[in-house]
Structure formats: C-alpha cells, structure tokens
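Summarising the annotation, TrEMBL assigns signal peptide to 1-26. Residues or ranges marked as domain 'VWFA' in TrEMBL: 41-213. If you look up TrEMBL, you'll see 241-330, 331-422, 423-511, 512-602 marked as domain 'Fibronectin type-III'. As annotated by TrEMBL, region 'Disordered' applies to 700-733.
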Amino acid sequence: MQFPLGPSLCLLGFLLVCVFPQPAPGQAEDGFMCKTPAIADIVILVDGSWSIGRINFRLVRTFLENLVRAFSVEFDKTRVGLAQYSGDPRIEWHLNAHTTKQAVIDAVKNLPYKGGNTLTGLALTFIMENSFKAESGSRSGVPKIGILITDGKSQDDVIPPAQRLREAGIELFAIGVKNADENELKAIASAPAETHVYNVADFSVMSEIVEGLTKTVCDRVEQLDKQIKGEPAPPPTSVAPPRDLVTSDITARSFRVKWTHAPGQVEKYRVVYYPASGGQPDEKVVQGTENSVELNYLNSLTEYQVAVFAIYRSSASEALRGSATTLALPMVNDLELFDITHSTMRVRWKTAAGASGYMILYAPLTEGDPADEKEVKVSDSVKEVELEGLTPATEYTVTVYAMYGEEASDPMTSQQTTLPLAPAQNLRFSDVSHSSARLAWDSASRKVLSYRVMYVKTNGVQTNEVDVGRVNTWFLKNLTSLTEYTVGVFAIYDEGQAEPTTDSFTTKMVPDPLDLKSSDVSPDSFRVSWEHPAPDVVLYRLTWTPTDGGDSEEALVNGNVNTYLIKGLSPLSEYEVLLAAVYGNEVESDEVVLVETTVERTTSVATTTTTTAAPRFGVRNMRIDEETTFSMRVSWQPVDSRNVRHYRLSYISARGDRAEETVRLHPQHPPIMLPQLQLPIRTNSYSKWSKVSAGLCLHPSQSGRDRTSGAQGGFRLSTHGASSGTGGGRCHWNKTQTLQTEYGCGR
C-alpha cells in the first residue's frame, strides 16, 4: 500500500520481531491490539540524523509508542529493544532490558535525539550482528519480522545487508516518509511489496498507518508462528556469572567497570548500565578475554546501575551487579547579556573546564511555536557570541550549555528584552495656514528606511497616509480651515514600524481679501481693487447696494483677478460694497466692506464753468471683531482725514423700544463702550460733508472672528439683556451733522 510523500525528515526505523505463541490479549488502550496467540522480540532501529528536527522527532516517538501498544510486552511474552544510528549505530536498550510494556513506552518517550548522517546499510549490518544474539535477549526458534522507516535515500548500499537479513529468516517491512526512494524500499522489504511497503506524505500522518501496519504484522506473525511451531528452542545451560565488580576512574561523564572472569569459555562480556532513577539502558560488549570497560557519555551527578553478563556460545550467565555515581559536569558561569539593540544582543560567559564546545539556545519568552527556539553551537575556544535577527521590544530567554561530546552540562539561563525600534523625535509644526502646514521631526536612527506620515481630523474618522522616504520634513496641503489635525510620524525599519511620535495643530481661518479700496470714481461707476489673501482662492463674491435703499447687485470674479469696475450706478449716490473670498473647499471668508459715493455730473456753458466739489471720502475696510452677545468692536480705515472734525455715532433699538442715543467721537479717540445696549440695534454715524458712507449687519449669535485690518479709528458697542430671538442690526457712520436711523437688518 502506498501513500504520498511528506515533509523532509531524515528518519530511519527498523523493527525486528520474533514471535512465540501466547494467549490472546485484550484490546489496546487506543486502536488495534494484536490478538494472535503469540509473543514477540522487537528490535527498533531509529535513524536520528540532524535533518529530522526536534519537533518531528517527537512524532517519531508517538508512532513508535502506538506501535508498541499493539503488542503484549512482558519478559516472557513480547520483548522490545531499540538501537539508534546516524553515522555510527548504538544500542539504546536490548530485548531483555525492560520487562513491562510501560517500561518500554517510558523508554520510547525518553528516546534522545542523536544527530548525524544517514548510513542505512551500516545500520542494517549492525542489527544483524548485535540484536539477534542470545546475549541481547534474542530467543531462538522465533519468526523474525523487520520494519524499516526512512525519509530518503541511504548514503551507502542497503541491498547486501537487507538480503542477509531476509536469508536469516527475517521478514522485512519498509515505510517511506516524504522523499524516500521507493525502489530502495522495495529492495529492502520482503515480498510482496503490496503488503510490505508503505509511503506516507508526512510524519504528522504516520499515525494513520499504525493500525494497518500492526494488523499486517500481526497476520504475518501468526503465519510464521505456524511454520515454526514444532521447533522449540534448546533449554539454556546454567553458568556462573563473573565476580568482584569494582568501579573506578569516576568523572562527570564516565567511570570504569572491572570484574573477575567467569569460569569456562566466555566468548564476550555484556555490560548493561542505566540511571538508577529511571531511564533507558545502554550497553557495551567486550571480548571474553577482557575484564574491564569504560562507560562514557554519562550524565553528571547521576547514580548508575551496572550489570555484567558472561556470554557463552549458546547461553548467558546471571548478572553481576553494582552501582556508581558520576561527578558534577562543569557548567558555564557568569552568563551575561549585554550590548542590547532592537534586533541583537551579545552573550558572554566564563568557560567550563574540559568542555568540547558550547550550545546556546534562545527564544522569545512567550508561549509561541517551538520552532521559534533557535540554536547556536560554537567551539570550546569561543566564549562570546552575538544573537541576531531578534524581534524588537521582546523579552528573550538565553540558555548556554557546556557540551562534552554529545552530552550537555546543566544549563545557565538569563533573560533580557530587546529595545524597541527608535521612533522619530521632536515633531513640530510651522507655516500653519488655513489649508496647509509644514511638519518637521528629528531623525530616529541611521537604520531607518523611510518615514510614514499619518494625519486625521481629531474628530474625524478618515485617516490620510503618505510614505515620504528618508526626509525629516513634509508639507501637508489641502487641509480644512479651523480644524484640529492629529499627526503621527512612523519610522520604518527592516524589522518593522516603530511607535509613532504624535502631536496636534489647528489650521487657521480662511483669510479675508486684503486692502479693499476704490478708484476711478465717476457719476455712474467706480473701480474696486484688492490684494489676494491666499493662492487657493477660487473666486470672489462682490456685492454692492445703495445705502439709501434699493436692490443689491452681485458679481462673481475669478480667483486670479483682483479688480472690478462697478457700472450702472446713480450719480452722487453712496454705495456699500461687500467682498468675500471663496476657496476650493467651498469655505467662504468673512466680508470686507467699502463705502464709496459717485460724483455729480458736470456741465459747462460758453460763459460759465461749473465744477464739482472737492472729493469727500468716507471710511473703508470697516471691520467687526470681538463680538459677544452684548458687545462688539467696530474699526475702520479713513481714506482722507485731513478735514474730518469728528465722527458722530447714533444708535437705536431695532424694536423701537428705546430712544435714540448719540455719541460724538474725536478722530483720534480710542474705542469707547456704549452702555445699556439691547440688540438688535442699528447705529449710524456721519461725517460733516457726506450722507451715508458705511454699513454692516451685526449678528449677536456669531462667535468672535478677527476682522481687524490695522484700522486707524474705532468704537465699541455694548448691550445688556438682549433677547435670544434678536435678529441683527446694521452699523453706519459718516462725517455729518445730520442723524439718520435705519431699522431692520441687511447686507
């Protein structure tokens, strides 16, 4: 049966089974349980090369655990042994090392990750020569079944050793994962390939073939058991064990075991050792002429149980037992994390005596993907490294092990947090107008790739964003007047985006047209001109109205024009001119006011010449500011004040419920407060020589807006107790001795 190949994982497992009849067991804890009345000797060969990875190696352990659960494991029933290899094979535990299923499962769970290359042919030969021996717990007269697990092509020849295993009566199954060579699998497995070769796509789906594999193995066990049922193994011969076990030369990672020879023709001695607190046994085998062996690669500060067996040609002795405790394995000291940036930190430690190298593990101090943990290995001469590619503003745990071959000392651990990405600094604003503002900020770091400017109306929802490159100033345009904006500047790095530096500013009011004035006055026309207040004016709205009553007229002037000839006027008539600027976002400025009077027509006869009087100028650029519900400030700019005696101001309630009041103002008099006013009112002031020269509608409900233009004169109107329903009033003044009063409100 075949499955698609899966993720890259260099793993090879080889499972050898010898079976005896036994009573049918019950169901396994999870999944299929082999019910054939048989017992088995199982030897598992696992390739623990570096390409497996720690995460996938856990999946291998789970697969092997489920495989073991399908059989009854006891000393007189099924036995399980395991060897691991990469470049060099080694025994993890022999068939007779564990006597219960739980002990084997615990050993599988604690199976270490070896690391190295993949030499499958050498590993098969190692199993042939070491696993099927009486001293290893193999029992004669038992059918032999092998299961191979691999994810790639072997680096050596597998055909001869696989053939020798099959010729020795071992039935082979082959399991390929991901990139396994299917032809190689078929060359290793026994026939037929349809039931003895498996391909899976991923180690994560290995569990899906456990039930099918164990059923097939179980069936073959039963068939092979029937074939050899009449061939019982010869009874073992009782022999004496070796004597006088002595341990010496104890270090943190090794000690020597010595004994007195057992009697008779001993072919080999088998030395089994394992931690007394629990763990997988290991073993060494020496020739029968030797009586000592050094046990290496031990854990420090650990008590080990040792058993020595004398191996004869067809039997083995009882064990000679003893124990020894290793010394502490030197570890690194004075671990220090320093020179910390947003993406790097340096690690420094004091070396450990006798270490062959050091291993540094580091990972964010969060419950993330185990793949986030990274590993660095250095030689014994290195005592300082730089960790790179770290995440900004993240706490890291750094652990350093002193390595002694493949064994590691107890860890030394420390924690530090990387710096956040440096943000832009000192955000500031300048050249703020009604529609634009200039931003500036200080550079964050030489490592900044660019800056991103985001701005939004403080009370709005639509965010504007622009990447401005590596500059540290930017001009915002097309803003809305009298609006508060919140601005954030982000520094962009390879590692991401720094926290923003933020601040706010408020745009100004759209400016009014400047310096409104008149010229070229004639009996039926005069020209008005002005200065542009800003470059983004779209058009001007110009309105003129006779001050003594009559219809208003209006003209729209293109925004790039600053003069207009008002025609069709009546001679010797006073006109009020209002000018407002209209901007692109349809916001309109306040109006500026000009009052101008057309001149009288001239006539001449042969003997008499009639001329007009000298020009009588009114005021211009009248402004209203500092408006409140009960007061206002009015200011203006006289055109020619050489002959002005005084200004006379009269005011009256628009409702007619108060008597008229009059105030006379000196041309240089500062603004005055008119007490006890009630709005709406209309006021008029006149010069001595002209009738009506100015007018402005006042609205008490408006907020104060600046209409000051450097006026040379002014007065203050105040009112008390105004009704909430007041509509407005018009303020007029002129240099005259005649008092006139208007009622109502108009432009």
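Easy rule for this one: first residue shown is 1, then count along the chain.
Even glycines carry a Cβ here, placed using N, Cα and C.
Please treat TrEMBL annotations as automatic predictions, because they have not gone through curation.
Keep in mind it's a predicted model, so treat the numbers as computed, not measured.
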Please give the average pLDDT for the domain 'Fibronectin type-III' (423-511) in this predicted model. 91
DSSP residue counts for the domain 'Fibronectin type-III' (331-422), split into helix, strand and coil: 3 helix, 48 strand, 41 coil
DSSP on the domain 'Fibronectin type-III' (423-511): how many residues come out helix, how many strand, how many coil? 0 helix, 49 strand, 40 coil
How many helix, strand and coil residues does the domain 'Fibronectin type-III' (241-330) contain under DSSP? 0 helix, 46 strand, 44 coil
